[in-house]
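S.K.: Dumping the structure here so I can ask a few things about it.
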Amino acid sequence: MTARTLYDKLWELHEVTRRDDGSSLIYIDRHILHEVTSPQAFEGLRLAGRKPWRIDANIATPDHNVPTTRAERQGGLESISDEVSRLQVQTLDENCDDFGILEFKMNDARQGIVHVVGPEQGATLPGMTVVCGDSHTSTHGAFGALAHGIGTSEVEHVLATQCLIAKKMKNMQVRVEGTLPFGVTAKDIVLAVIGKIGTAGGNGHALEFAGSAIRTLSMEGRMTICNMAIEAGARVGMVAVDEKTIAYVRGRPFAPKGAHWDAAVALWSTLVSDPDAHFDTVVELRAEDIKPQVSWGTSPEMVLAIDQHVPDPAIEQDPTKRDSIERALKYMGLKANQPITAIRLDRVFIGSCTNSRIEDLRAAAAVAKGRKVASTIKQALVVPGSGLVKAQAEAEGLDKVFLDAGFEWREPGCSMCLAMNPDKLGSGEHCASTSNRNFEGRQGAGGRTHLVSPAMAAAAAVSGHFVDVRELQGIESRE
């Protein structure tokens, strides 16, 4: 038998039929819905007189538009001040009620960001195809699943047929070998990858992360890396199944039980790339070479190590790249050759589908403990990715650590990752953010976003500017 990649295996498991034009009909195991991309899809079902093909394959939760202050959440739907946002959340509630779809509503203890809720509920399982009307659905690939975002029209197709038409992509492997240095995280790995291959590097590919450094990551770390595969240009990101994958899934609400569990584990254990499998593109990094990363510009590929300087367009030979650097410098209000550590900040955001899980909050709290948010920081937000993450953090006392340090402790939601709810940047404000995109206006009109890990964000909050978190944590923490 021909050696196959993980992507090849997942594709073959779900290919219903192959069409003459080279596309295939692919079966979808899990569909996750939120309030922004689903209203028109549900309306399409109504107009056509259809019902969802498999109601139990769908779960939903509002996340993009929900407010994150306790007072606003306690006020229910009427507390959502923006009319469009309120209507979208209300419409999701009504649609899920009408069609019988399980929804974790805004004040349900299980509510949260779709890409946090799916895995923690066990609704994301190894070997599945998972789709959602959100580009960061690649997150779920951390479980050895074939997961990607879809548009609103495709949301309707999945609801109606449980299938999608797709063309198979090329295979790409990113190998990270070696031991991660002290203070370097999954977020730093994926930012370094994007810095190396660019935001178009993975175009047309399904990207598998592999290597000894990837295998040592927790499931939370693997989700962070797969989450940002889309920023590397790849629609799909994935990590092969191993004992960590299976241990994470075991006992979760949607996970199989009894004999079904044993059968599932037997299948899941085969979801690895064969040793001689062919990859169209292979990218290699040494873990020892990666340092804490900070994005400086208006694209995730504009990223540098903490000890570097903002680039100088005058020495860039490529005119297109030179223009891009000049525009980014102007928008970000930075100067050529400025040290990354000299970038002063206005706000700090710890959250998003990239970095809002319990491991992320523990890492940030370890830095914040016993320190205070710098007086120059206008606001430092910590937004858990779900109600269950929030409850776990509070059980561990992390909320008290953050509050004592001067951070705000919020309710779950997408929050400041994107300007679709009250948590926004003002024009010209610099933010150290654990989110995934730093485009112009992403966090608010004129806002300036710098992508970092949770530990780096916490270090920036207590310093007022970017610092190497390893210096704050001290050499003794290495032991």
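Placement of Cβ uses the backbone N, Cα and C atoms for every residue, glycine included.
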S.K.: Looking at Swiss-Prot, Cys414, Cys417 are annotated for [4Fe-4S] cluster. Which of Cys226, Cys353 sits in that same site?
M.R.: Cys353
S.K.: Name the residue among the binding-site residues Cys353, Cys417 whose Cβ has the smallest number of other Cβ atoms within 10 Å.
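M.R.: Looking at the binding-site residues Cys353, Cys417, the Cβ with the fewest others within 10 Å is that of Cys353.
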S.K.: Taking the centroid of the Cβ atoms of Cys353, Cys414, Cys417 ([4Fe-4S] cluster site), which other same-chain residues have Cβ within 8 Å of it?
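M.R.: Same chain, not in Cys353, Cys414, Cys417, Cβ within 8 Å: Asp63, His64, Ile113, His136, Gly351, Ser352, Thr354, Ser356, Gly413, Ser415, Leu418, Ser435, Asn436.
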